[in-house]
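Read through the structure below, which is laid out as structure tokens, and then see the notes.
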Amino acid sequence: MDTTDEFQIHLQRLPFKKATAIETVYALGNGHFGVRASNPLQGDNPDYPGQPGLFINGFYDLTALHYGEDYPGYPQNSQTMCQLPDPRFIVLEIDGLRSDDETFSVKQVDKNLNLKTGLLSEIYEITSPTDKTVRLTMQTFASQDDARIYGVAYSLSALNFSGNVKVIKQHRYTQQQIPQHDIDVRNVQRQSQLTCTYQEADHPTMQMITRKSQLAITLQVQPLKNDDQPVPKLTTQDQLPTYVTDFDLVPGIAQEVDFVYSIGFPHPVVIANADPDTVDQTLANETFSTLLNKSAHQWAIFWDNSDVELKGDAKLAKSIRFNLFHLNQAAGRDGMTSIPAKGLTGSGYEGHYFWNAEMFMLPFFIFTQPETAKQVLSYRYSKLLQAQQRAREMTVKKGVLFPWRTINGTEASAYYPTGTAQVHINADIAYAVDLYVRVTDDQDFLATQGLPLIIETARFWLSYGHYATDDAHHGRFVINDVTGPDEYTAMVNNNYYTNRMAQHNLYLAAHYARRLGQTDNNVIGKLGLTTTEIDAFQHAADQMYLPFDPNRQIKKQDDTSTEKPVWPIAETPRTQFPLLLHYHPMTIYHYQVNKQADTVMSDFLFPEDQDQAQLKRDYDYYEAITVHDSSLSRAIFGILAHRLDEADKSYQYFMDTALTDLTDAQGNVGDGIHAANMGGSWLSLIYGFAGLEIKDTTLHLHPKLPTEWLEMRFKLWFQHRHIGITINHQAVILENLKGKPITIQIGDKQVTLGSERVTVPFPI
Ligand code: BGC
């Protein structure tokens, strides 16, 4: 296997060997589906320590939630992304013994993921109970060209015998049980009972229907043309359609059989029969390599737009690429799905979408894959009705309340103090819409989807918050009983981040309503906006209460945050972290201890709000009480450390962020990637070291590379221009690769970029 290149993730170089972790790291996906890279023979063996499976974005089932005390408005169902059995799975038959009945030894010899092409290559040595050993080489890809396609090629050679080996591929999904090993509260797993039916078609086609959500998907497998190689025969085994391929093996000569899976999109069951959504007719002339090439071509386009080239630290450069690769694999692109917290690589967090998508991952897509960003935002637009119903359920008279965690647009959090109470999700969505619009100048999206999202979320704040009448708040607009991003503090009044983001949301509503109202009365009319309401947005934003501690001169996380005792972090044994797995939530809430960036997240997003001295005070205070039990934390602290010129600290935070999953630093990559943290590594590079800021509609860069690196190169889309940026220790080099001239700001210098490359030497 060629493993020399900087785009290769090679098994021998991974610092861990846990089966579940390996399955996640090598998972393949394309935003529609994801397949964990499990051992292909042991997929249905209850003793196999892995968690094999196929996930389809938006394909979930409902399970009733049971509460001892079931209060009004509690979600009645959880939503769980279905862990479907593994399309990589095969059975080998040697000397009449089958690998699914007998114990075959399976040794994983090698595994390599080519990030450039998306091709996963693996080698296994498999020994039958009769001591015959075959070498199985497997190649797989999840197509970036046609979201339904998953290709798998099996090549076999005999190592110590000559004779017959059968490769059996059966749609035996009902039998394959996914083993459940986990007790981590973050990974509640609910086994879905799927109904499977097999259709008589040219190729084995199976329809799976979820029990309660009544969604259906269709899966079809067919062999691909492969000259001179054994041809699979379609037969029936155990009453199931089955492909059997006979190999007459001799040592030294490999033989191959290739399959393609066509994985349909989830449908409501009523229309599933009408549209099996498979691609069988179009595949007759394809081979594994033609399909792979089409997919690899799309990966090439992805890298051309999205790569961040780092010179000076090869391991780090690879890790960044690994993160970007997984981000791209995770993002739904059909306008009906978003980006799950664990991508499509694992069952952690039940496949739910959180604020992670908008605040940690979307910036990467907005600047490098704007079409994908738009689809992810469209998902939120498609769920406006559910968000409106939720607001009413919460007796909020106007506007919408988006769910804290969800797949289908309704709230799935059974624990409201760190679920529904995180109402900042509304403002996070509005923030992302505005960023998307300013970066892409997509006015059509703004008028049709963006404005409704911004207005409806802003309306929520007007209803949920109020003008205070007590002395402490001096008639300001306050928002009580909420939880901010820090999940170690719950149900507080005036969480700084929430109020600041709500203020932004309200300003956006007033701004865009006025602006669009000037040119298109229709847009405003459709939303029922009046001047009075627009003024009310403006007024509430102007009057928003932002808590401040006058003694410490810091932004206060909430009205009472600094009054609590500080958790003795240094005295707490390492084994007691993450705290949430060891202490009752109330014990944690009792103290000042932060799970993750909260108030400083606002400092990160709104650099114009504070001078360096204020930032330093906020940073020092909150860093001392933050334990980073969430993977969403370190990237933000690292960016702020960089802004404060604390180079060592910022580099350390950055390295921890960048390497989290490739080193399994948190020990739980087996449950799925930490997709927000991966997005955080891009934020660290671009918002941190390159110093990106969008002020109004102008792009600013304040670059400063860590001394450890020689150079960083990347491209950004900005207002229909494609801008190439190279930063080293001598200069910033800019190229306008597409589009009209544009003026951007590099440090204190204004630079107009025409067709010529521009070099701006340091100091800037
Ligand atoms: C974090 C949340 C995050 C969720 C999903 C939690 O641990 O505290 O901020 O949204 O994980 O990643």
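Yeah, the Cβs are placed from backbone N, Cα and C, and that goes for glycine too.
Where the annotation comes from TrEMBL, it is an automatic prediction and has not been curated.
Annotated active site, proton donor per TrEMBL: E487, in sequence order. The annotation domain 'Glycoside hydrolase family 65 N-terminal' is assigned in TrEMBL to 21-233. For 321-682, the entry in TrEMBL reads domain 'Glycoside hydrolase family 65 central catalytic'. Residues annotated as domain 'Glycoside hydrolase family 65 C-terminal' in TrEMBL: 692-753.
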Once near-sequence residues are set aside, which residues in the chain of the residue listed as 'active site, proton donor', 6 or more away, have Cβ atoms under 8 Å from its Cβ? T418, L580, K595, Q596, S630
Per-residue pLDDT averaged over the domain 'Glycoside hydrolase family 65 C-terminal' (692-753) comes to what? 96
According to DSSP, does E487 (active site, proton donor) fall in a helix, a strand, or coil? coil
Residues of the domain 'Glycoside hydrolase family 65 C-terminal' (692-753) by DSSP state, where helix covers H, G and I: 0 helix, 41 strand, 21 coil
